[in-house]
Amino acid sequence: MAPPLEDHQMEEEEEQRPLLTRAVHRSATNNTSQVAMVGSNPCPIESLDYEIIENDLFDQNWRTRSKVDQVRYVVLKWTFCFAIGVLTGIVGFVINLAVENVSGFKHGAVSALMESTSYWTAFWLFAGSNLVFLLFASSITAFVSPAAGGSGIPEVKAYLNGVDAPNIFSMRTLAVKIAGNIAAVSSSLHVGKAGPMVHTGACIAAIFGQGGSRKYGLTCRWLRYFKNDRDRRDLVTIGAGAGVAAAFRAPVGGVLFALESLSSWWRSALIWRSFFTTAVVAVVLRLFIELCGTGRCGMFGKGGLVMYDVSTIFDDLMTYHLKDIPIVILIGVTGALLGGLYNFLMTKVLRVYNMINERGGAHKLMLAATVSILTSCCVFGLPWLAPCRPCPTNGSPDGTCHALNRFRRFHCSPGHYNDLASLFLNINDDAIRNLYSTGTSDVYHPGSMIIFFVASYGLGVLSYGVVAPSGLFVPIILTGATYGRLVAMLLGSHSGLDHGLVAILGSASFLGGTIRMTVSVCVIILELTNNLLLLPLVMLVLLISKTVADSFNSSIYDLILQLKGLPHLDGHAEPYMRQLTVGDVVAGPLRSFNGVEKVGNIVHILRTTGHHAFPVVDEPPFSPAPVLYGLVLRAHLLVLLKKREFLPAPERYPKEYVAAGRFLAEDFDKRGSGKQDTIADAQLSSEEMEMYVDLHPFTNTSPYTVVETMSLAKALVLFREVGLRHLLVVPKACDRSPVVGILTRHDFMPEHILGLHPVLLGSRWKRLRWQKGVVAKYFRSLLVWITSRS
């Protein structure tokens, strides 16, 4: 029903608004920011080139490729997928192994001190170790690789949408992401491993997609096949899905997560390769889990591929009936409200944290230390509010339960446990496993659940903005599971659902209310719990929570993208774009080159502009009239200047010039994440500045073009679906200049469009969301109706 509502609202706006006079701002400059927050630091950003460059050099290169080269290319792609799966699985295992052993040793030492009544010593050990771990994670992030901060999912999502930033997939970022995430999670900070694992998998894949390295002697001819953004984009997509599979041991969920949440372009061939990679991850994890089952991995090794298995025991408790559907709907709606509020609070806190972090490294460490001390005080202090409860008779063979991860004795006497300490003084995975356990309706006190829910909710909001590798997924699952348990307790005898089942539904509803994903989250939850009986309820909860939450704000990752200033193009066009043509927003001034251009002019334009592509226009004597020949890239012009193959007179290269090997295709391949060529590297003599260069063999002769009268909405769909970096605008009439301008990603940003046409601010249509004024209006109407009825 969304399109009819949208069209109806637009018709009303067109009737109420005076006629727009569309002035073409071709002389206006696009002043949208070319800088965004990447990790924890502002960095310059660029767009990626997914378009295939078709020119004489490209044609010559493809004609010389044999079938053997094509087979090598296909074999190399599948080999890379296998290697990405193996390495991502190993890294995922190492992170889990380190976190469980470091955290287990810390919690074990604290528990031993608590049993000996050395309470203050236990607190100082707990708070001090947490502070050291978090300061280590924040220090290496702030001073070694700021791009490793946060979860990395917004950066990966922006990259797959066509936005590039320096060092987001470098070796340094990968190393800091792994070490920093281990330290941050071990510091009892309310963060998770899933988001950083997505970034880690993408880093591993991007390193394979660099096309070799001269620095490390990797100059094999086979590797240069991947010196383009299209293959790198596919590898990063595969690596991100492998990261999810390694984090949750959910191979199918990893593929769907990359498809639903991250990727802007998808092909059936990419599904096969991504599925193969996640399957390799699952096999690698299974091998290590079997190895650790013999006790060789310290405190790691319990369980299998299913992290929160609820299907092996108490199957009769996982049943539900039609009368339970209203309760499930209530859980979905409440999860949506909590999720919308969570996203709102998160954006406010992140804005404050950004202002603090902008002041320098010392302020970043001070913020991390403050959050760490606050977290330690809450985690260690709140369990004192909980009463001691006797251990269940089935707790352990000897009648005690405090030695198990499921129960913590804390300050209680032998044979008793503290339910809040059992949740706080555990890693998040063990806490979730405790909440998901079936047949445990009397294990937790309702007051303890309220305290833990409020603390988990608040600490989740406060912890994410710290400069350290940190994820949102697992804390959201934990908070949702607590909320589900609390709902089951409040309903009491009015519901026959098991508390563990309601906890799973609570996690699903809170995930749907914050992250706003449905299919991938549903499959991940099923793979985590190993219970297909939950499928109908989880689907219903996710659909309800996402639909209701979308009425208030966007998903948490979309909000973070906006806060970071990453120019992400959505899959839909805003309706006000239908009222504009591309000629209304194209920015200038336009710089172009002749087909045979003077070297001095090329150097001058490259030095005075930051544009990455220029139209090439043929004029007499090379053409009877001015005609658009194509588009030449800035990087290719730099290569031409570097090779110094100049002509003394304005004439074209001979036809056999390219075929003679003067220029090689690999010279124009896009370089990896290392140093890029700049115009400052071109040192030319005054004689060379007076010479000429023929641009025809290196110009893309088939760039995407649109007529200036095309609607902006239609152009946006073309720009995003094809994955363009530049879109040429040509005139409607033939008696004008052959090029009106060039559209780039920033020309589709609302800041630029509404800056040119401020009259659209009043008529800008947003998604159907509740605004403060609307809510107040309906609330007053409800009060008037109730008063009149009474």
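Every residue gets a Cβ built from N, Cα and C, even glycine.
Because TrEMBL annotations are produced automatically, they should be read as predictions rather than curated entries.
Within the listed segments 327-345, 631-649, TrEMBL records transmembrane segment for the stretch 327-345.
Secondary structure counts, DSSP: the domain 'CBS' (699-759) has 24 helix, 12 strand, 25 coil. Of the candidate ranges 75-99, 327-345, 472-491, 503-526, 532-549, 75-99 has the most C-beta pairs within less than 8 angstroms of the transmembrane segment (235-258). Between the transmembrane segment (327-345) and the stretches 75-99, 443-466, 472-491, 503-526, it is 503-526 that has the most C-beta pairs under 8 angstroms. Using a Cβ-Cβ cut-off under 8 Å and counting only residues 6 or more beyond its ends in the same chain, the transmembrane segment (503-526) has close neighbours at 244, 248, 250, 252-253, 256-257, 259-261, 310, 328, 331-332, 334-340, 342-343, 432, 435-436, 472-473, 476-488, 532, 534-535, 537-539, 541-546, 548-550, 554-558.
Counting Cβ pairs under 8 Å to the transmembrane segment (472-491), the stretch among 119-144, 365-386, 443-466, 532-549 with the most such contacts is 443-466. The stretch from 119-144, 365-386, 532-549 that makes the most Cβ contacts under 8 Å with the transmembrane segment (443-466) is 365-386. Within the model, the domain 'CBS' (699-759) carries an average pLDDT of 90.
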